[in-house]
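Visitor: According to TrEMBL, the record shows the following:
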- A:100, A:101, A:129, A:130, A:131, A:132, A:198, A:201, A:223, A:253, A:279: pyridoxal 5'-phosphate binding site (BINDING)
- A:224: N6-(pyridoxal phosphate)lysine (MOD_RES)
């Protein structure tokens with residue numbers, strides 16, 4: 001039996017044993033091997049019908065009545081409660097709305113204010129997805145703080161009496177490294193500071209445990225492993241113990257205790273909805289709500305187990321198919337440090353990715369030399385993983 | 001001929017002569033008299049098909065490729081350029097995205113920074129839609145300014161050497177009063193300050209003339225007279241002369257000069273797109289883009305002319321049908337001071353509005369005692385205006 005035949009057999013066995021495999025039917029997919037769900041999740045089959053109903057009936061026929069009759073007004077907190085169990089949060093702590101960037105601003109200003117005076121330093125993940133760093137810099141400037149970029153692993157040793165907060169990515173967008181959320185959060189708390197976690201690349205792929213690990217505030221997008229659609233609204237988690245003192249820098253009317261009182265003075269609402277700002281973006285928000293129905297009855301632990309099996313198998317297939325020395329993985333081998341993607345450094349990575357896409361294997365390129373492959377356990381199968389690695393081997397041999 | 005017959009005849013004549021009347025066919029409407037387009041515009045017929053295509057083909061089949069191939073990435077500035085002629089702006093000065101509240105924050109912090117040091121006072125419309133006031137208060141707090149609420153008409157006499165900026169609503173959401181944008185802007189400039197206008201209740205209903213009158217920054221929503229759909233994204237105008245110095249408090253990665261360079265340091269893009277923040281909300285944004293096609297070939301001057309004719313005729317019908325003393329208009333009689341709505345004070349206004357809605361006339365109630373009727377010239381006809389006033393008369397007589 002050739003190595004290829006053996007890996008094909010293994011893939012078939014793994015797919016046969018995959019209890020999440022049936023979920024693939026709930027998505028619109030085709031012959032393309034789609035390994036870019038960590039950038040834009042695939043379309044859940046239920047979404048087009050719901051969106052059509054929202055547009056044609058709720059907007060088109062009920063019009064203004066839908067703000068109450070179709071539950072538009074309460075969507076941000078209702079959908080937040082739907083995301084909550086996926087990130088280990090009890091209900092009442094998450095609201096959906098705005099972009100991740102805007103939520104980073106609310107969160108960082110919010111934690112600086114919660115930390116109180118005398119603390120004027122913000123630690124930020126030095127390899128962060130750029131927007132978190134740019135927005136944290138603005139938040140620091142506007143609150144009289146300084147920003148200190150650090151590797152997350154160095155934060156426990158660096159956090160001190162001047163530190164107000166640490167802003168950390170749970171999974172690094174580039175390398176796929178999973179940072180130690182429980183350990184870093186505990187160390188930050190030990191020094192009297194607060195921890196804000198960006199869950200963009202972890203939510204929907206692995207257990208987060210926001211409540212269990214005492215995270216203070218968190219943000220995340222919904223269009224990656226949560227499959228909410230292009231630019232679907234992000235979310236903000238404010239731990240219940242901080243809600244009464246949470247002081248948003250964006251106190252829009254949707255966060256008012258009595259929004260339709262139209263009062264000149266601002267009185268914040270209680271609870272998670274204090275994180276709301278302006279009128280929620282209903283079409284995108286309700287598409288997201290429908291997309292979350294694919295999670296009904298799905299265990300995040302099972303998703304994590306499959307995710308690790310997928311990335312393990314991909315690394316094994318890459319080792320078998322790819323010419324020695326042509327790629328090197330920057331994704332940690334150790335499970336405890338790996339998210340749900342594999343990032344391979346490679347000469348001419350941009351061209352290699354174009355060629356992969358032309359051959360029906362979709363990942364993405366991240367400057368300067370990274371091939372990034374994301375594995376969404378809800379719809380990626382093992383045969384696809386084998387094929388992706390095999391095609392990568394073919395492309396790299398052709399490139400030589 | 002009875003008074004009713006005379007008004008019905010007048011309505012028929014006015015509808016017959018209405019050159020914009022044929023546009024009604026482009027909207028999904030029914031037997032309801034919909035006078036709440038100043039809160040949520042009706043659904044343009046072209047939108048459901050476009051949204052279905054965005055969801056099913058662009059997201060569902062092209063997936064990640066749509067960010068370039070379907071023009072998703074450039075939608076904020078492309079749609080901004082589509083709104084531009086409706087508010088009297090040359091291309092390249094408007095980006096679409098985020099809520100009005102978030103854009104007010106960008107604009108107010110932005111003008112305080114543009115105004116430079118030594119100016120620490122922000123004038124704000126004292127009767128403003130509340131969110132502008134709440135957000136301006138936060139912007140003031142975060143930039144070391146104080147907020148001074150004033151009637152817009154008093155701003156020219158109050159603006160002084162300490163004033164950084166004035167934030168004014170073009171049309172008051174409650175009374176429908178149209179404020180003097182050219183005069184107030186000129187007075188603010190005379191004192192060396194900058195003017196930010198909120199166009200939520202004017203854009204799409206009357207000429208704004210942002211460039212002509214030298215407005216500095218402006219914001220507006222797109223779900224009222226622009227019919228973009230529930231919570232559709234708002235927009236930010238930054239006059240070309242201010243763009244190079246515009247320093248956004250929300251410098252998200254979408255506003256970076258090289259967003260996919262993924263650089264740790266922030267370098268702002270040139271032009272209007274410096275006002276972008278995070279990933280644009282594609283479903284809502286492209287629904288808006290499609291909704292704007294109803295404006296093809298429509299003159300804003302003609303819209304204004306019809307708007308005034310509609311509100312004039314409504315006031316005339318109200319005077320004819322409504323028991324004397326039961327309502328009083330708080331909308332200015334003078335055309336130069338009137339937007340595209342009529343607000344009537346009335347005892348028991350909340351109950352009266354419920355009854356109107358039950359009888360097929362949809363306006364809205366604003367606390368404490370205002371019946372608000374908005375007139376969207378693109379789809380409201382004169383026979384509907386007559387019917388609305390007649391039903392109001394019936395309701396008020398029945399209430400007595």
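Cβ atoms are placed via backbone N, Cα and C, with glycine included.
Unlike curated records, TrEMBL annotations are generated automatically.
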Visitor: Using a 10 Å radius around each Cβ and all protein chains in view, which of these binding-site residues has the most neighbours: A:100, A:129, A:223, A:279?
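Guide: Max Cβ neighbours within 10 Å, all protein chains included: A:100.
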Visitor: List the Cα distance (Å, whole number) between residue A:198 (pyridoxal 5'-phosphate binding site) and the residue listed as 'N6-(pyridoxal phosphate)lysine'.
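Guide: Residue A:198 (pyridoxal 5'-phosphate binding site) to the residue listed as 'N6-(pyridoxal phosphate)lysine', Cα-Cα distance: 13 Å.
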Visitor: Near residue A:131 (pyridoxal 5'-phosphate binding site), which residues of its own chain have a C-beta under 8 A away, given they sit six or more steps off in sequence?
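Guide: A:100, A:101, A:104 - these are the non-local Cβ neighbours of residue A:131 (pyridoxal 5'-phosphate binding site), listed in sequence order.
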Visitor: For residue A:129 (pyridoxal 5'-phosphate binding site), which of the three DSSP-derived states applies: helix, strand, or coil?
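Guide: Where residue A:129 (pyridoxal 5'-phosphate binding site) sits, the three-state DSSP reduction gives coil.
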Visitor: Please report the distance from the Cα of residue A:129 (pyridoxal 5'-phosphate binding site) to the Cα of residue A:224 (N6-(pyridoxal phosphate)lysine), rounded to the nearest angstrom.
Guide: 14
Visitor: Would you count the other CB atoms within 10 A of the CB of the residue listed as 'N6-(pyridoxal phosphate)lysine', including those on all shown protein chains?
Guide: 27
Visitor: Validating a neighbour-count step here. Other CB atoms within 10 A of the CB of residue A:198 (pyridoxal 5'-phosphate binding site): how many?
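Guide: Here the count is 27.
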Visitor: Under a three-state reduction of DSSP output, how is residue A:224 (N6-(pyridoxal phosphate)lysine) classified: helix, strand, or coil?
Guide: coil
Visitor: Sorry to bug you, but what's the C-alpha spacing from residue A:279 (pyridoxal 5'-phosphate binding site) to the residue listed as 'N6-(pyridoxal phosphate)lysine', rounded to the closest Å?
Guide: 23
Visitor: Pyridoxal 5'-phosphate site residues A:100, A:101, A:129, A:130, A:131, A:132, A:198, A:201, A:223, A:253, A:279: biggest Cα-Cα distance, Å?
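Guide: In whole numbers, the farthest two Cα atoms are 30 Å apart.
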Visitor: So which of the recorded positions A:198, A:224, A:279 end up next to chain B, with Cβ to Cβ under 8 Å?
Guide: A:279
